[in-house]
Amino acid sequence: MPMSSFKRKIKAIQIKIASPEVIRSWSGGEVKKPETINYRTFKPERDGLFCERIFGPVKDYECACGKYKGKKYEGTVCERCGVRVESREARRKRMGHIELAAPAVHIWYLESIPSVLGTLLNMSTSDLENIIYYGSRRVIERAFIVTDPKDTPFSQGDVIYETEYRIYRKKWDFEVEQAFVVKNPKSPVLSDIDGEVTLKTEKSITGREITWIIVKNITRATHTVLPGMILVVKDGQEVEKGQDLTKEMTIDPVYAPFDGHVEIDELSNTITLKPLTTSKDQPVVFTAPYGAKILVSNGQKVKKGDQITTSTSLPSVKSSISGTVRFGSNLNIRALEDGNFEVLSTGEVYVEQVIEERKYPVFEGALVYVNNGDQVKKGDHLADRFLFEEEYLSATEYKIFESHYPTMFDVEERTENDRPIVVITDIDPEVSKETGLKVGDIVTENEYEAYLQIYPEKIVADAGAQAIKKLLQNLDLEALQAEIEAELKKLPSSSSKAIKLRRRLKMVKDFLKSGNKPEWMVLEVVPVIPPDLRPMIQIEGGRFATTDLNELYRRLINRNNRLKKLLELGAPEIILRNEKRMLQEAVDALIHNGSDSEGKRSRRAVLKDRNGRPLKSLTDLLKGKKGRFRRNLLGKRVDYSGRAVIVVGPHLKIHQCGIPKKMAMELFKPFVLAKLLGEGSSSKTMRKVKKAIIEKEMPEAWEVLEEVIKGSVVLLNRAPTLHRMSIQAFEPKLVEGNAIQLHPVVCPPFNADFDGDQMAVHVPLSAAAQAEARFLMLSRYNIISPAHGKPISLPTQDIIIGSYYLTTVSKEFDSLKEEDVKWKFSSPEEAMLAYHLGFIKLHTPILIKVVINGEEKRIKTTLGRVIFNSILPEDLRDYNRIFDKKQINTLVYETFKRHGIDRAADLLDDIKDIGFHYATVSGLTLSLKDLKIPPERDEILRKTWEKVRIIEENYEKGFLTEEQRKSEIIRLWMSVTEEITKLTSRTLAEDPFNPIYMMVNSGARGNIDQVKQLAGIRGLMIKAYDPRSREIKSKIFKGQAIHEALTFDYPVDKNLREGVDILQFFISTYGARKGQVDTAMNTSFAGYLTRRLVDVAQSVTVAEPDCGTHEGIRAMDLIKEGTVVEKMNEFLFGRVLAKDVLDPETKEVLKNPETGKEYTRNTMLTDDDANFLASYKKMVDVVRYEEIDITELSLPNMYAEIAEPVGEYEEGTELTWDVVKAAKNEGKYRIKVKVYPVVGTVYAEEEPLYDKKGERQLLVYQEVINEIVAKMLEENGIEKVPVRPDIIVRSPLTCESEYGVCAACYGMDLSNHKIVNVGESVGIVAAQSIGEPGTQLTMRTFHVGGVMGASDIVSGLTTVEKTFEPYAFLREEKSGGKKEIRKYYGSESILCEVDGFVKDIATDESGRTVIYVEDYAGNIHAYKVPKRAKVRVEKGQKVLRGETLTSGAIVWWKLLELESEKGVMTAMNLLKIIKNAYVQQGVSIHDKHFEIIFKQMLSMATIVDPGDSDYLPDQLVPLVDIKRFNREILEGNAKVEENRKWVIGKTLAKRIIAETEEGELVELAQKGDEVTEELLKKIIEAGIKEIDVFEKDKVVTYQILPKEPIKYKRRLLSLKKAALNYPGWLSAAAFEETAWVLTAAAIEGKVDPLIGLKENVIVGQLIPSGTGLDVFAGIQVEETPRAAVEEELA
C-alpha cells in the first residue's frame, strides 16, 4: 500500500490587525437581527445570528426553502431564499459581520499593559478610558457672573466658570463679579414686627429683580389740605413738628380771559370757561380756591374781564409731629415749576413717625404674599422664600442678602462639578500657537464651547471611539518617527521620558513596518464567528442551551440597532452619548468580558448570566487551559483509542502487553472488516453481513482479529505523561477479561502500579506510523532513560525480593571453609538434580564446577546463586554476590553497555521470570515477631531522659537560655535516634532471612528509617510551617538553626510496634499532615514547572551535525559550599571534546592505555572514558631550564620564556617566533629558555597549596594554572605540582547553531549511548527530564547539625523555582538612582571581580565588615559586607573571579557583567545550585538538560547601543537576531560604494525626511522623485544611510552609508519571560498572557516561521523533528507482505 509523501504546506504564519475591508471580505453577509432561530419551525431567522443566507445551509446540499436539494446543485444560490447550496461544513467556516452605527475601540489595544493606544497617542489609559466611555473630569473652580457684557455675546447675569472665564478674558472685554452658590436657604420669610407693608422693586447689578418688603410700625398725624393750597413738602420728606406743610397765602379773584360761557363741576370744585365757537381760544379750567365765592352760575355767559370768583386767604397747614410726609392716596395735586405742588381737591397729607422698621429683600421668582399697605402681625408670612437653592449671586447681591439674612443661608465660593470631557481632533495652527493647545489635548466641554465661540470653525473636539479614530487617522507616522528620534537625541538615555519615548518609537516603527494603520484599532465592523463554533442545542423540556457568545452578540446587535434608530430620529446628544457608550461596552464584553490581565479591575461591568456567572467572551475562548490553543489545538482527542485498568502480566515479554479481546475488536474493527471483506464484493449487503459477524462476536471474527494484530504494535500511555517514556509501543496479545496486562518491569518509566491505575491504548494506523512505533517506541528499546543514560525499566518489589532470596546466604556461609562444605557437584545440572530430589536446598553451601571467562573453576557458592547466574551474560557472572536492587540495576546497565539493548531487554525478562518464581518459593510473610526491638533500647532511653532532666534543671537555674535548652535537647534526641537506628538494623541483620530485613536490605520495599519507626524509636517530629512566614525569616536572620526552630523538643520515644501515647500521637499528626499537604500542593506546582520548561525549550532540536565551534566549557567537579554536587566523571559522561586533551607532562594528545583511544577534539566520551579522564593526574615540574635549537621549525609545545636577553627582548619575555627571528638576526642558533610545563594544566589536589610562610594559598582545587601562578610557585620554591589535563568539552551553552543545537555540542543521546541524531527534540527531552522528578522535590526536612545560613532553608522545589525564576526572588530598590537588589530571604552575595588573595578582613569606622582582596598585580579591591551576610572566605585564601565572598543570593546580572559574552560562568553557578537540589533527593539528571534550559534563559540580550538597527536602547532582543544583524552589517558595509552607483536613475519608493542643524525637520525628496547624483549627495550629507527605490514594481532597499553594529548585554531571563519572548508568536500565545502576546504580535505584523514543535502542532502539520524533518519529506513508505519465516517467529 504505497503512501504519498508529505510536504510542509505552511511555511510561516503572519498576524496583523484586520482592516474594516478585510473583515467585510471574510463575511458572508451582515447580521442585522439579534434573533437566533424560530422557536416554532426551529429554522434560523433570516439576517439573524444563525442565518443560512450568511453562514450556509443547515442541511447538507439543501437551501432553506427546499427548492434545491442534492449535490448536483452545489454552488447554486437559491433565488427564493438566497441560500447557497453547499455542504453544512460551511457553517464552521463562513463568517458574518455587524456594521456598527458608531465606531468602537478594540479593548485589547486599550487595556494591554502598557496600553497600545496610550503609548501611540501619548495619553494615559485613564484619560483614554474617559474619552472612550464619555467620562467626565471633576473640576473645583470659582464661578463669575457677568455684570457688564459690553460688546460680547454675553447677557447681563450670565454665569461663567473660571476655566471658561480665563479663556474669554484673554480675547474679550467684559466685566464680572465673583459668584456665590446659595446652599440651604431657610424659608418662608416671616415678619419680625407688627406693622404696615411697603413693597419696592429694583434691578440688581446683574439685571435681576429684587423686591423689597418693608414692614414699618408707625404713628400717623393726618392733615387735610384744601384746593388751591400750595404744598411745600414732598412725599417721603422728613419734617419737624410745627413745620409748614402748605404756604399761608391770599388768592386773587379770577377774571374771564375771553368771551365765552362757564361750566361749574361741584364735585371736583372746578370752573371750566369755554370760548365762543367763532373764537380761536382754547377752553380754560380754574380750581375754585377753598373759601372763595363763585360769582357766576353754571352755563352763564361771560365777557372778557368779568370777575368769576372772589378773592380769599388760606392759612398755612403745620405738621403736628416730627416724621416723614406721606401723601394720601386721595390727594389730587399738580406739580409747579418751583418744585411745589398745587392741591386740586381736598385730600390728606400724613406725617408718619416710624417706631420700628424691617426690610426684607426677596429674589426674583419668589412668591410675595403681601401687598402695599397691608397690615401684618409679627410672625406673618411675607414670602415663600428669599433665595433659591443653588442660586448664583454676584458679590454685591451676596452682600445685600448676607446683611439682611445673616445665618439664614450658606454659600460656596468654589463649585465642584463633573464636566464631560472631549479631545481635540483638529485645530488651526494659528489658534494652536495662540492657545498652546494641540491635537490630542483633553479639555472639558465648557472649555471647548468657549474656544468654539472665540474661534468658530477653527477647533474641533469630540468624545467616544470616533474621537480616538480621528486622532489615529491624523497621525503621520513617518513624521512622528523623525520627531521622536530628534527628541531622543537631546535626552539622556536613562531618563524616564527617554524610556517612554523609546517605547513609543518602537510602536511607531512596528506600525510602519507591518503596514497596519493605527485607525484599524477602532472597529467599524465586528466579525461574527461561524455559527457552528457557537452552537445552540435543544435540551430536555424543549428549551435551548446556547454558547455565551450568542448572548454577547445579541446584546451588541440590540444596542447597535437601537443606536441606528436614535440617529435616524435625530435624538438629543446626551441620549446618543449614553447609547454609544453602551455599544462600546457591548463590543468590549464580546471581545473581553472581565477584568484585565494584571488582575486590576476594569471600569467596565462584567456581563453575567442569570446565575451570576460571567459570560465567556472571545478572549476567554482563546486563553487558559480550556482555551482554543491549549484544549483544541494542542490537546486534540484521537480516534482508535481505548482505556482500561491495568493488571500485571507476569507471562509477557518486555515488548508485549495484554489487550482485552473486546477492546482489541473495537480498536481494530475497520481492519477486521476490511480483512473479512477481502478482495471480494464490498456491496452494502456484504458489509452488513460482515459487520454482523463482528458485532455478534462469531468465531470467524476472532480468527481474523488474531491475524490483523499479528505484527502490529499499539501505544500505551499512562497519565500524567511526564516524560516520553510515559508513552511506549507494545505488541498486543489478546487476553480474556477487561483489563490491560502490563509487563512489571516497565512500571517505573510509566510510574504505574496495580492499585487501580488506568492506561490508554492508541493504534498507529499507517505503515509509517507502525514503523516509527516499532523501531523508536517499542518498550525493549526504551529501557535507558534519556534523563541520565542509566536504565529506567527495572525490576521492582517481588522480582527484587525473589532475586535477593535466591542469592542470599546464611550468616555461617562466609566463615565456612571449602573443605567443610558437605556437597560437591561437577556441574550445575547435577546440583539441580540434587535440589529436585531434596538433598540440598537453595541456600545450602556447595562446591561446584562452573565456567568463568572460558576457564572451568571450582567455587564455593549456593545453588540459588548458580541458578541466578545462569541467566546472566558469561562475562558478568558473579557466584559470590548477593544481588539486591542496586546490583541488579548495575547488572542491567553493564549488560546494555557490553552487549547492547536487546540482550539487556532479554535479561530483564529472565530476571522477571526467575524473580517471580523464587519470590513465590520464598513464602515471604510478615508478622509482628519479625519486628525485633533492640534489647539495649530501654536502657538508652532511660539514660537519655536523665540527661534531659539535667538540661531542664540547668535551664530553670538560669544557666541556659530558652533557645540553648531547646537546641541541647534536640541534638541529644537526634544522636539517640541515630544510635537506636543502628541498633535496630544490627538486631534485624542477625537473621538474614528475616522478611523485614530482606525487604529493606534488598531495596524491594521500605527503608531503614521506616524500620526504625516500627521497631526502634519514632524520634523528633517536625512542625507544620510556611517557609515564607515572618517567623521563619526572623529566625534565619537571628542565626538560629532552622531545623531547631521547626522541631518539637519533646520526642516520640516509643515505636509503632509497641504503640504511642495520646500526647505523642498528637505530636505525630503535624508531620503526617505536612506530608499530605506538601504532596498535594507540590504536584500542581511541579506540573506548572514542567509546562514552563517545555515552553522555553520546545523549539530546541538538533539542527545540524556540527556547528564548528572551538568553544566549550571546562570539565570539573561541581562544588557548592564545600560539598561535591557532581563528580567530574559524571560531568564528562556523554560529552564531546571541544579541544584535544593533552597529557599534562608531555603536552601530547592523551591516550587511554587500556583501550588505546586517543582523546582528540570531537571525541565522544563514554562512561569508561569519563572515569579514565576524571582520575588521570600526574606530578609535573613547575619549571625547567632548556636550551633549544632555533633552526628547527617548531617552538616548544608548552609555555616558555627566554632565560637570557635576545636583541631588544629582555629576559622573561615569552618565547614567540618574533623572539626567534631576533635571535637569528644576532647569529644565534641556540637559546636558553625557562619552560613551565604546569601552565595550562589544572591543579588536582583537594587541599590548597600554600606559600613558604604558610599564610597564603597559591593554588586551589581545580584552578587552571597560568604563567603568573606558575611564577609564584617558582618563587616559593615549589618544584612539582599534582595536576590533571585541562579538559574543555562542547556544550549546548557554547553551541553556535542559529536555531537549536548541533549534534557535536549536544553529544551523546543518553537513551542509546550514541551521538545524537539530527532532528532529535532535545529541548523537550530536557524539559521532561527536569520536570518529571519535580514531584519528588518536596520541601525537605532540614539538615541536622550546625547553624545554617539562608542557603539551607529551602531546598527541593523552591530551589528549582528560585533558579529558573531568578528575579522573582529579588526585589529592586532604587536609592539615589542606583538599583539595589535584595534577596527574598536575607541579603545579596558579594562577588569577587578579580583573581587574587584575601589580604585582610577588617571593620571600617561605621562598623561594617570589609574584605580586602589583592590581585596578582598588587592592587587592592575592597568589598563591603552587607549587614546580615556572613563572610565565606578567610585571610590568605585564594579567590577567583566570579566567586562569592559572602553568603546570600547571587545577583545574576552582576555575575553576567563579570564574565565573557557566553554566559558560561552564570550557567555553571545556576547548575551547581539546581543540581544540589536534585542530588539531595537522589535524582540523577544529566547536566546537558539543564544547559539547554539555561541556553534558552540566556538567549536574549538587552540593546546597549542600537547602532543602525531599528532596535531601541534597553530593548530585549533575541541574541540570534543581533548576531545575524551584525553579520549583515559587515556584509552591507562592504557594498556601499557599489550601491551608490546602482541607485542613480532609480525612483524613490518613500519620501525622505531629514533634520537640519537647527533641529528642524525638512523634506529632501518626495516619493516618486528620481535619484540624481546631486540628490544622492544631499541624502548622504543628511546622514541617511539607506533609501527605498522601485525596481521592476518592487520596493528594494539600498544601503548608501556604512552602518554601526549593535552593542548589547546578555540577559538572564526567567522561564516565564523566556517563554513569552519566544520568537514565534503562536507558541507564546499558547503559553500565557494570550491577549497581550497576540496584541503585540498583530501590531508588529509578526511572522511566525514555525520553527518550534508547538507551532506546527497548532497549524496541524508534522513537527520539524525526528522523522518530521524535511530530509524525510520525500520518502515513500509501503507495506510489504511478511515472509513466512517472520510469521512463524511472530
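Using N, Cα and C of the backbone, Cβ positions are placed for all residues, glycine too.
For Cys65 (Zn(2+) 1 binding site), applying a Cβ distance below 8 Å and a minimum sequence separation of six or more within one chain yields Cys78, Arg80, Cys81, Val83. Annotated Zn(2+) 1 binding site per Swiss-Prot: Cys63, Cys65, Cys78, Cys81, in sequence order, evidence recorded as sequence analysis.
Positions annotated as Mg(2+) binding site by Swiss-Prot: Asp753, Asp755, Asp757. According to DSSP, Asp755 (Mg(2+) binding site) sits in a coil region rather than a helix or strand. The 10 Å shell around the Cβ of Asp755 (Mg(2+) binding site) contains 7 further Cβ atoms across the protein chains shown.
Within 10 Å of the C-beta of Cys1305 (Zn(2+) 2 binding site) we count 31 further C-beta atoms, all protein chains included. According to DSSP, Cys1305 (Zn(2+) 2 binding site) is assigned to a helical segment. Residues annotated as Zn(2+) 2 binding site in Swiss-Prot: Cys1107, Cys1295, Cys1302, Cys1305.
Within its own chain, Asp753 (Mg(2+) binding site) has Cys747 as residues 6 or more apart in sequence whose C-beta sits under 8 angstroms from its own. Sequence-distant contacts of Asp757 (Mg(2+) binding site), defined by Cβ-Cβ distance under 8 angstroms and a gap of at least six in the same chain, are Val645, Ile646, Arg718.
Cα to Cα, Cys1305 (Zn(2+) 2 binding site) and Asp755 (Mg(2+) binding site) are separated by 43 Å. The secondary structure of Cys78 (Zn(2+) 1 binding site), as reduced to three states from DSSP, is coil rather than helix or strand.
A separation of roughly 46 Å, to the nearest angstrom, links the Cα atoms of Cys1295 (Zn(2+) 2 binding site) and Asp755 (Mg(2+) binding site). Counted over every protein chain shown, other Cβ atoms within 10 Å are most numerous around Cys1295 among the binding-site residues Cys63, Cys81, Cys1107, Cys1295, Cys1302. The binding-site residues shown are Cys63, Cys1107, Cys1302; of these, the one with its CA atom nearest the CA of Asp755 (Mg(2+) binding site) is Cys1302. Each residue contributes its Cα atom, and for Cys1302 (Zn(2+) 2 binding site) and Cys63 (Zn(2+) 1 binding site) those atoms are 58 Å apart. For the Zn(2+) 1 site, the Cβ centre of Cys63, Cys65, Cys78, Cys81 serves as reference, and the other residues of the chain with Cβ at most 8 Å from it are Glu52, Ala64, Gly66, Lys67, Tyr68, Arg80, Gly82, Val83. In the structure as shown, the Cβ atom of Cys78 (Zn(2+) 1 binding site) sits within 10 Å of 20 other Cβ atoms.
Those residues of the chain, other than Cys1107, Cys1295, Cys1302, Cys1305, with a C-beta within 8 angstroms of the mean position of the Zn(2+) 2 site C-beta atoms are Ala1103, Glu1104, Asp1106, Thr1109, Arg1290, Pro1292, Thr1294, Glu1296, Ser1297, Val1301, Ala1303, Ala1304, Tyr1306. Shown in sequence order, Ile646, Ala752, Phe754, Gly756 are the same-chain residues outside Asp753, Asp755, Asp757 whose Cβ sits within 8 Å of the Cβ centre of the Mg(2+) site. Each residue contributes its Cα atom, and for Cys1107 (Zn(2+) 2 binding site) and Cys63 (Zn(2+) 1 binding site) those atoms are 61 Å apart.
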